[in-house]
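Asks: Annotations for this protein, taken from TrEMBL, read as follows:
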type: COMPBIAS; residues: 25-48; note: compositional bias 'Polar residues'
type: COMPBIAS; residues: 57-71; note: compositional bias 'Polar residues'
type: REGION; residues: 1-76; note: region 'Disordered'
type: REGION; residues: 561-590; note: region 'Disordered'
type: REPEAT; residues: 288-321; note: repeat 'TPR'
type: REPEAT; residues: 373-406; note: repeat 'TPR'
type: REPEAT; residues: 498-531; note: repeat 'TPR'
Amino acid sequence: MPGLVSVKTPPDTPPLRISVPDTPPVSNHRTPSPLTNKQPSPSSSRSTNGKKKLQPESPTATQCPPDSSLDNPDLGPFLLKLARDTIASGDGPNKALDYAIRASKSFERCAVDGEPSLDLTMSLHVLAAIYCSLGRFEEAVPVLEQAIQVPDIGRGTDHALAAFSGHMQLGDTYSMVGQIERSIGCYEEGLKIQIEALGETDPRVGETCRYLSEAHVQAMQFDRAEELCKKTLEIHHAHSEPASLEEAADRRLMALICEAKGDYEQALEHLVLASMAMVANGQDSEVAAIDVSIGNIYMSLARFDEAVFSYQKALTVFKASKGDNHPLVASVFIRLADLYHRTGKLRESRSYCENAMRIYSKPVPGTSPEEIAGGLTGVSAIYESVGEAEEALKLLQKAMKMLEDNPGQHSTIAGIEARMGVMFYLVGRYEDARIAFESAISKLRATGERKSAFFGVVLNQMGLACVQLFKIDEAVELFEEARGILEQECGNCHQDTIGVYSNLAATYDAMGRVDDAIEILESVLKLREEKLGIANPDFEDEKRRLAELLKEAGRTRNRKAKSLENLIDPNSRKTKKEATKKWSSLGFRI
């Protein structure tokens, strides 16, 4: 199977800032807010006339002691202003938190029966933002869940956009704790509400579509990401000037999606158009960043001379605009090191790795831990490919240590641990490999990535480690789970899926479940003969294993005659066995 490498994704969500607007709630987005310029107006229903509305159960109920003064309808706005002023003065978020809790409770008490209070919604959004700034994300979640229940979408645009803002902020909060699946679910619901309120072609809907597309890329759900990005391009094409900055950003994202799906020519086309737009707008640093992406595509297409030209062009701009020791310069060094390694120029490759490490060892002020960890991971991949496994492991461990205190980096850490597991496995440290895989799997389950193809691959790798440790029952469970995921995500003809089939058959054989092993191997051979071709180097090995099992069971293979065209592998020219190792007795493959 291919090596465990995380797909390149857009930058991770930064920590939420405390943002207390003078108007009702606005979502803390990584990109400019797609909300309408007209914010939800505060509710005028603070009068105590009539019965109080039964609001959703408040998570602040146990945090705020009974206080009759909270029934004063003028107290909520006053406390919220105090919270806002406290944050602005820099006195610290804890005092602001107390004010925000009391403000929310006051708004809740003063809400009139049948009149949803947008003031309450606003105060809950502010309260959640303060919780997030303190790193108390688990407490922010129930606050936001209450906030999205308050607005009544049927009461007009103000309520609809307040609900939209709440869903987006809740999605951001889930993203901060690494729960990507829940985060995307909130974003999708927010987009639905926004479209109903503003229409499908509103420019602010386009911004939300792009934001959601980025989230799907992070979750490696590229089909949905492509669908949303196309919609974003259509909206911006209708509302923006040709070669606008918005279109350039959309095309860069589309290029990333196309690259992840293996459509390099289409990715290159989008990058060239994005570069032209950035040049027209005088964005030299952005043009250099696009040149790096163009170099990556050229390298994937084995057009190495053009890749070197793109990298060197970007390197010149970064050095001139950022300085020789900027992490962007180091990132280009890593790309050049990888390129020269692929072309067999190992001395040049090592030189560029050393230059990158020199920058990461003494980072300039303002360099984020994520940038350094990403660079260390890139260098480790090159060291791993030249057989320096111990040095590569040290770099991965250092990168993981830099990220471990950030709850939003659990997926990234899981990817690093999976790579460490593969390296431990290849050097024969099977127990260490199993521990690394187990930790990665637990993080991926917690972040909602249990349905991704990457998760299936990691399950398969952990199963192999368990086989080497003679934990056969555990290995079977892992292989069976991996099979179900990869069949769903990749199809039964994909090489990763077939690899799991082979490993599962070998495990069944080792357990004495010969009939089950025969059934799987017969289905694999049938797939190869009818769809994939028999020129694949694994075909003869699988055929031999099946013959041995059939002989042991006293049976013969039931097969029909095949046409000549099915005996030729349609992909034989591309066949290249990578990172495979076989055990002749059982036939396990990684």
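Glycine is treated like the rest: Cβ placed from N, Cα and C.
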Asks: Hey, which bits of the same chain come close to the repeat 'TPR' (373-406), Cβ under 8 Å, at least six residues off its ends?
Replies: 5, 327, 330-331, 334, 337-338, 341, 346, 349, 353, 356-357, 359-360, 412-413, 416-417, 419-420, 423-424, 426-427
Asks: Averaged over the repeat 'TPR' (288-321), what pLDDT does the prediction give?
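Replies: In the predicted model, the repeat 'TPR' (288-321) has a mean pLDDT of 95.
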Asks: How many helix, strand and coil residues does the repeat 'TPR' (498-531) contain under DSSP?
Replies: 32 helix, 0 strand, 2 coil
Asks: Run through the repeat 'TPR' (373-406) and tell me, per DSSP, how many residues are helix, strand and coil.
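Replies: Output for the repeat 'TPR' (373-406) reads 28 helix, 0 strand, 6 coil.
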Asks: How many helix, strand and coil residues does the repeat 'TPR' (288-321) contain under DSSP?
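Replies: Computed counts for the repeat 'TPR' (288-321) are 31 helix, 0 strand, 3 coil.
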